[in-house]
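Visitor: Copying in the features that TrEMBL gives for the protein in this structure:
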DOMAIN    184-589  domain 'UvrD-like helicase ATP-binding'
BINDING   GLY205, GLY206, PRO207, GLY208, THR209, GLY210, LYS211, THR212  ATP binding site
Amino acid sequence: MTGRQDQLREEQEAVDVRYARLDALRDQAAARLARTRRVGPSGSPQNRSERDAFATLYEDRLAQLDAVEQRLCFGRLDLTDGTGRYIGRIGLTDAEHSSLLTDWRAPAAQAFYRATAARPDGVVRRRHLVTRGRTVTGLEDEVLDLDALAEAEDGALASLSGEGALLAALAAGRTGRMGDIVATIQAEQDAVIRSDLAGALVVQGGPGTGKTAVALHRAAYLLYAHRRTLERSGVLLLGPSRVFLRYIDQVLPSLGETGVVTSTIADLVPGVEVRALEPDAVAEIKGRLGMGRVVERAVRQRQRVPAGPTTVRVEGRQVTVRPRDVREAIAKARRSNKPHNLARVVFVREMLGRLAAQYVEQLGSPVPPEDRAEILEELRTTREVRIALNLAWMPLTPQGLISDLLAKPARLEAAAPELSRAERELLRRPADHGWTVADVPLLDEAAELLGEDDQAERARAAADARRRQEELDYARQVLQSSGAGRGLVSAEVLADRFAHSGPSLTTAERAASDRSWTYGHVVVDEAQELSPMAWRMVLRRCPTRSLTIVGDVAQTAAAAGARSWAQALDPVMRGSWRLTELTVNYRTPAAVAEAAQEVARAAGLPVTSLTSARSVPGALEVERVTAAGLEAAVVASAQRALAAVGTTNDPEAGRVAVVAPPTLVDGLREALAASPAAHDLLPPGQGSPLDARLAVLTPREAKGLEFDVVLLAEPALVLESSPGDLYVAMTRPTQALRVLTSRGLPAGF
Ligand SMILES: Nc1ncnc2c1ncn2[C@@H]1O[C@H](COP(=O)(O)OP(=O)(O)OP(=O)(O)O)[C@@H](O)[C@H]1O
């Protein structure tokens, strides 16, 4: 038997021990779940909710243990002191509490990602274990001594760790869903993942540098390292589209984390459904920081002093709503510094007081307090009084305020004198127009300035706080006496479960349905697309300013998006952010990445430096076609590409995308649907492009995604509408880019 086989056998035994422990823990959780369920439906409501809470806890634990089945254990460190440890997806100890597996996020695992020959960090050897199912199929060793360093110092990428495992991961066919990278995180990525929780961290990186992967692993790391802080406040992850959120939705669960709230900017205000589109020029105006002031003025203008007095008869007497009284009541309400709908309570109380005084004066004699209350009630419910007070200070909804502002030119002119007439004309639209993405930050701004009349809500909150304290005390007692959930759950989370009995109200769910929820940490992906107003909306949800902001200012598509991080962030964060860069491209073959960079530079985009992790022979090809022959050429090229990435029946066959300017997409989709070879591989009807082997997309739809082969139609046309879009489109493939053009190639190609 060779030494290699001995090593494989040794590692197989080690891996078997860890899987056996995983199985034992699963059995344990399943048995506890069964026992909890067997207790039956009897008992007090308190007992029932306690039982449900524990049942959910064990269900979650089982789901977590199931999620780590694949590549449970992927690494081993041998240390200078003669000890060693295995690194895996979660931490495991044996029945005697000795460590079997170190969680990749634990400090003791850091050297697995960071140690180099130059800075070995106490590591003699780093070993990557390649597994298929539960079988160890390969090993890759790196001996961290200076001799190894000398050998490796011959290229820019000498510092790639676990190169074999990494390159195998990069070359694998794509499944339509992003996978995790725990086994092969690189040192510069690890530094980002483990960076401090506090403050705003900006991660700039060219296409394919792993920004999304890093952002997701950072969310998982922060939840592990700061669980107490983040478990109850929650973590929010913002992505560019719902398709993108589906693309990444398996990564966090595979890392054992299910509690992160994911959303797009468009979905961030509960109750607002974005259905409409609008021209970039309109979105750009709405995204300007000054729109905050515009909304503020729009609200103030709904607090109005009438031109003249209104006299109303109440129970045979006359009272007059006088402009001077209204002015003073408005001033008093504004001094309360409350949002519009809450300050309205102050305004109304003040006005009713003044009207009651007029009424009493006419009675000619002082009235006892109970009669005064009656007079106030009489005034409050008199229709004309209500109308006069509403005209002065109308209760408003965000939707009502914004749709009115955009539909009535006079209102917009008064609220937005800084906009030119042409700009205001661009914003104008009918009151029943659907909401657009750029409306959402305006609605959020309005919701903040308007507030809700929440007196009842606050009384309930105070009662809830008292109840919560009792629940917390009780949960602590249960934890102490039963020991059942020890290590699995904190008293806080258990108390939440008791209170809401069941999985339907986790922190994530409560946060997602509450516009004013503030998160412990917010991760923003494709952050270059956010307008200044969108940043205001995001920052409102994160008062601690603990943020991870990832993106690439060269890929900006939105007219209101960022061309530099300073331009985007300084106005809203006053310089309090730190910048770090990712520089290695893991996705795109070198020739494709270089061509994309040249084109982007020629178009004047702020491209950051990029080194590619791998080359693929024949990765870039250009086919010149006639305009009339474009569709037929795309169909033929798609057939070749599909054949190259695997046969129809192969479950691991790769994926092909046709990326084209919006004006060509429908025609190309129809042409492909008419081709027998491609027809069945397209997503059916409205199906998601992620679930099919062949997709036809615009560059914006392809943003953040990747495919084995990309056919790019008419790049010159894409460039005309947006250079950022072309840069995105060219950098989606993992294996090959096929360009089809009837109009020549963009400069730099
Ligand atoms: N350390 C790594 N090990 C294995 N695969 C990696 C690693 N880093 C990145 N990748 C892979 O590289 C690809 C690109 O990563 P990702 O989508 O996160 O890049 P990005 O910087 O967000 O790209 P873009 O800006 O173009 O959207 C993904 O398939 C990802 O899994």
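Cβ from N, Cα, C; glycine included.
Any idea what these are sitting next to in the structure?
Guide: In the three-state DSSP scheme, GLY206 (ATP binding site) falls into the coil class.
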Visitor: Given a separation of at least six residues and a C-beta threshold under 8 Å, show me what packs close to GLY210 (ATP binding site) in the same chain.
Guide: ILE181, GLN186, GLN189, LEU582, VAL584, TYR586
Visitor: Below 8 Å Cβ to Cβ and six or more residues apart, same chain only. Which residues does that give for GLY205 (ATP binding site)?
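Guide: Expected: LYS211, VAL550, ASP552, GLU581, LEU582, THR583, THR608.
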Visitor: My understanding is the cutoff is Cβ-Cβ under 8 Å with a sequence separation of 6 or more in the same chain; which residues meet that for THR209 (ATP binding site)?
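Guide: Listed in sequence order: LEU582, THR583, VAL584, ASN585, TYR586, LEU610.
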Visitor: Given the ATP site residues GLY205, GLY206, PRO207, GLY208, THR209, GLY210, LYS211, THR212, which other residues of that chain have a Cβ within 8 Å of the mean position of their Cβ atoms, reported in sequence order?
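Guide: Going along the sequence, the neighbours appear as ASP552, LEU582, ASN585, TYR586, ARG587.
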Visitor: Highest CB neighbour count within 10 A among the binding-site residues PRO207, GLY208?
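Guide: Result for the most crowded candidate: GLY208.
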Visitor: Just checking: which of the binding-site residues GLY205, GLY206, PRO207 have a C-beta under 6 Å from ligand 1?
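Guide: The ones that qualify, in sequence order, are GLY205, PRO207.
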Visitor: How many neighbouring Cβ atoms, not counting its own, are there within 10 Å of the Cβ of THR212 (ATP binding site)?
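Guide: The answer is 25.
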Visitor: Which Cβ among the binding-site residues (GLY206, LYS211) has the fewest C-beta neighbours inside 10 Å?
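Guide: It is LYS211 that, of the binding-site residues GLY206, LYS211, has the fewest other Cβ atoms within 10 Å.
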